[in-house]
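As recorded in Swiss-Prot, the features of this protein are as follows:
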type    : residues                       : note
BINDING : Arg44                          : O2 binding site
BINDING : His48, Glu54, His92            : Fe cation 1 binding site
BINDING : Glu54, Arg96, Glu106           : substrate binding site
BINDING : Cys121, Cys124, Cys158, Cys161 : Fe cation 2 binding site
Amino acid sequence: MLIPPINLHAWIEEHRHLLKPPVGNKCIQQDGFIIMVVGGPNARTDYHYDEGPEWFFQLEGEMVLKVQDEGVARDIPIRAGEVFLLPPKVPHSPQRAAGSIGLVIERERLPNEQDGLQWYCPQCNHKLYEAMFPLKNIETDFPPVFDRFYRSLALRTCSQCGHLHPAPERYATVED
């Protein structure tokens with residue numbers, strides 16, 4: 001059975017209160033593609049690794065898509081009305097401004113594919129930690145990996161330069 005069209009503007013107005021930290025992300029459809037509306041602000045320091053492409057459409061406000069491009073950290077600004085297709089396997093960290101709203105479309109993962117979360121040292125860009133996992137639910141599969149990284153001084157300490165990667169305030173207690 002076909003799903004009726006969604007009035008995206010009406011959906012955003014009805015759910016705007018959910019598009020805020022700490023998650024700021026709501027899946028509106030999932031059938032072959034994962035279609036999400038994402039609100040800002042956010043303060044992500046992780047990089048997402050997806051074996052498929054991701055399509056970004058900035059509806060309101062601005063965002064910066066931080067990417068790791070062949071070992072170099074780079075910023076890609078995406079403004080309201082702009083779209084950007086991120087190629088597969090490019091680690092990326094969406095940084096969304098307060099009040100911003102974006103639409104992100106990813107294809108559902110193939111059975112043999114894994115998603116990843118990576119962290120890089122903000123001082124020297126050395127990869128600190130990477131976790132790969134089969135993605136089942138984008139809203140619930142990420143938080144345990146965030147918890148593991150942010151609660152560990154060992155994982156957050158750069159082996160190259162010794163810098164301690166900062167953790168969000170909600171991770172005030174660490175397990176190491």
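Placement of Cβ uses the backbone N, Cα and C atoms for every residue, glycine included.
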Which residues, same chain and not among His48, Glu54, His92, have a CB within 8 angstroms of the centroid of the CB atoms at the recorded Fe cation 1 site?
Tyr47, Tyr49, Asp50, Leu65, Leu86, Val90, Pro91, Ser93, Pro94, Glu106
In whole Å, how far is Glu106 (substrate binding site) from Cys161 (Fe cation 2 binding site) when you measure between their Cα atoms?
35
Out of Cys121, Cys161, which of the binding-site residues has the smallest number of neighbouring Cβ atoms within 10 Å?
Cys161
How many neighbouring Cβ atoms, not counting its own, are there within 10 Å of the Cβ of Glu106 (substrate binding site)?
20
Can you figure out which of Glu54, Cys121, Cys124, Cys158 (the binding-site residues) comes closest in space to Arg96 (substrate binding site), comparing Cα atoms?
Glu54
CA-CA, which of the binding-site residues Arg44, Glu106, Cys121, Cys124, Cys158 lies nearest His92 (Fe cation 1 binding site)?
Arg44
Alpha-carbon spacing, Glu106 (substrate binding site) to Cys124 (Fe cation 2 binding site), which is rounded to whole Å:
30
Max Cα-Cα distance in Å among Glu54, Arg96, Glu106, the residues listed as binding substrate?
18
Cβ neighbour count (10 Å, all chains) around Arg44 (O2 binding site) is 17
